[in-house]
Amino acid sequence: MIITWMEEFGVLFVKAFLSLLAIMNPFSSVPVVISLMNEYSKEEIRVIALKASVYAFFILTFFLISGDLLFRFMGITLPAFKVGGGILLFLIALNLVQGEVTKEKGKAHEIEAALRRDNIALIPLAMPLLAGPGSITTVLVLRGYLNTLEGKVALFCAIFLSSFTAFVVYSLSTFFYRVLGRTGINLITRISGILLLAISVQFVVDGLKNLLKH
């Protein structure tokens with residue numbers, strides 16, 4: 001029984017983690033991170049990266065915990081949200097495949113405002129770069145899919161590991177940019193977009209199936 005539970009947990013965790021990592025895609029934000037923190041020391045960059053990942057973790061965890069309450073309060077059914085969320089993720093994925101990251105990853109005025117406020121860990125690094133509309137939608141839709149105890153735990157662990165991955169990438173942003181270059185980052189972004197396209201289509205298909213049953 002324990003082995004079966006672990007196998008089920010592992011499958012759910014991998015599905016949730018890959019979905020979240022595809023939409024968060026911290027590698028695509030590396031050029032933005034470098035431009036924001038080019039005058040900071042390595043220690044300061046690590047501190048800011050840690051704060052940004054912690055902020056993103058708590059934002060996404062909040063929506064994981066409060067998902068049912070939000071749906072009831074707004075009068076939204078899960079199938080309807082699957083369709084709407086899937087369409088939103090599909091549009092975001094198209095931008096990723098086409099290499100148009102900045103449209104979803106933060107506007108120029110948000111970056112300038114962050115520099116003026118010296119609060120880049122929260123805006124734009126944590127939100128919208130990591131915990132933007134796409135990530136929040138993914139958490140809410142996955143929450144409906146993984147509607148068991150092991151599913152909820154798997155999604156929580158996926159949020160934690162995705163946030164930790166973002167911390168590592170942001171902390172080593174200069175290294176990754178030097179190793180991967182613009183071409184490598186664009187390639188990772190497009191691969192993430194293709195994966196997200198498949199996930200978003202599945203969300204829409206499942207949502208439509210559930211709606212047509214009623």
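Along the chain as shown, the residues are counted starting at 1.
Note: Cβ is positioned from N, Cα and C throughout, glycine not excepted.
Noted in Swiss-Prot for the protein shown:
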- 17-37: transmembrane segment (TRANSMEM)
- 47-67: transmembrane segment (TRANSMEM)
- 73-93: transmembrane segment (TRANSMEM)
- 122-142: transmembrane segment (TRANSMEM)
- 153-173: transmembrane segment (TRANSMEM)
- 185-205: transmembrane segment (TRANSMEM)
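Recorded stretches compared: 17-37, 47-67, 73-93, 122-142, 153-173; the one with the most Cβ pairs under 8 Å to the transmembrane segment (185-205) is 73-93. Most Cβ pairs within less than 8 Å of the transmembrane segment (47-67), among stretches 17-37, 73-93, 122-142, 153-173, belong to 122-142.
Note on the transmembrane segment (17-37): residues 44-45, 48-49, 56, 60, 89, 92, 96, 101-102, 105-106, 111, 114-115, 120, 124-125, 129-131, 134-135, 138-139, 142, 157-159, 161-162, 165-166, 169-170, 173-174, 176-177, 180, 182, 185, 188-189, 192-193, 195-196, 199 of its chain, located 6 or more positions outside it, place their CB under 8 angstroms from a CB of the stretch.
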